[in-house]
Amino acid sequence: MSSQAQFSFPDFPFQELDTIQIMTGDMNSPNLDDDVTLESHMQFNYIPPDVPDIPLQPALIIGPPVRTPIQNNHNFKVEINSADVNRKKYLYSSQLNKIYVDINCNFAVQFSWEGIIAKPLYVRATVVFSDEDQAEKRVERCIQHRHESITDDSIRMNVLRSSREVGTQGVFYHGDPSRADSWYSVLVEMNNTGQSTIHAYKFVCKNSCSSGINRRAIAIIFTLEDAFGNVYGREMTGARVCSCPRRDLLKDEESEGVFKSGKKRVPANQINKSKTKKIKIEVVPNGQAAFDTNLITLPQLQVVGANVMTAGLEMMVRMMEQGIAARSDDSQYVANCSACVTSLKAAIQQYKHADSQ
Ligand SMILES: [Zn+2]
């Protein structure tokens with residue numbers, strides 16, 4: 001095919017909307033006098049339940065935590081400042097983006113963001129194994145340390161705790177030991193006042209705990225989210241829980257070549273970032289707007305070049321795949337996305353095939 005050829009988006013077998021409505025941006029008001037439109041509208045448009053009397057709680061998330069950092073739009077920052085604290089108990093290496101801390105030692109983390117009106121907001125902290133080949137494995141407490149009197153397993157089995165007492169208002173623990181795909185996380189409700197917020201955490205297992213972390217490298221994923229699981233920011237910080245934080249930090253920085261070469265190495269998490277993220281995709285809407293779950297039919301628009309169109313469609317596929325990962329608890333949304341992804345991939349294949357003829 002010539003690169004001068006024009007391509008039309010294929011027809012997708014979803015909700016029928018008048019082209020006029022799409023062109024005018026009137027996406028939420030399909031013509032409900034039409035029986036076919038009415039039926040598809042009822043079938044696909046998910047309307048969140050109105051629950052004004054029930055206090056909001058953080059959303060339950062199932063499956064391995066997403067690791068892709070998200071910072072743009074809301075400038076979510078996670079900062080650990082160990083300069084002014086007892087240097088024996090915890091230290092932060094900015095070169096390695098990693099905290100070194102003793103077991104049961106509180107360490108303070110500062111969170112900041114911009115331009116989010118949604119309330120309540122939570123920071124979810126989830127400990128994961130750093131290595132990608134361990135990503136499917138859940139971090140849980142070792143057999144020795146898990147024997148304590150706390151009856152709530154989502155707290156008892158988590159290697160990470162809020163420094164606040166168990167039961168403190170605004171601190172939640174998620175994770176179900178009976179479900180292997182249920183990760184343990186600590187959620188802390190944040191005052192969304194525009195000021196940065198500090199919260200202290202502590203580890204209740206060490207890296208060396210056999211049967212638990214068992215000497216594997218770990219990291220904490222901090223996610224800024226609302227009560228519906230919409231994610232506004234995500235950052236990952238390496239962690240090592242050990243008796244001699246200073247010794248281990250110096251050893252790690254040494255072996256990373258920080259001192260040998262005199263140059264600052266690229267932190268491990270940034271290396272991963274560049275490998276896994278070729279195109280920066282933001283699935284989170286701007287500001288406080290609700291997560292858009294509406295099914296939208298592509299209008300009949302034209303673009304020049306098959307490569308341009310397939311790249312555009314591939315971007316849509318990746319955004320919806322991220323949406324599926326971020327909202328795995330919303331079965332209607334996941335089903336809609338999955339159907340769209342399948343159709344889009346088929347269309348991409350069709351156009352790539354046609355282009356190679
Ligand atoms: Zn332990």
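Cβ coordinates come from backbone N, Cα and C, glycine included.
Listed in TrEMBL:
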DOMAIN    70-255  domain 'p53 DNA-binding'
BINDING   Cys142, His145, Cys205, Cys209  Zn(2+) binding site
CROSSLNK  Lys260  ubiquitin cross-link
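Neighbours of the Zn(2+) site: apart from Cys142, His145, Cys205, Cys209, residues of the same chain with C-beta atoms within 8 angstroms of the site's C-beta centroid are Arg141, Ile143, Gln144, Arg146, Val159, Val204, Lys206, Ser211, Gly212, Ile213.
Taking each of the binding-site residues Cys142, Cys205, Cys209 in turn and counting other Cβ atoms within 10 Å of its Cβ gives the largest count for Cys205. For His145 (Zn(2+) binding site), the number of other Cβ atoms no farther than 10 Å from its own Cβ, over all displayed protein chains, is 17. Per-residue pLDDT, averaged over the domain 'p53 DNA-binding' (70-255), rounds to 93.
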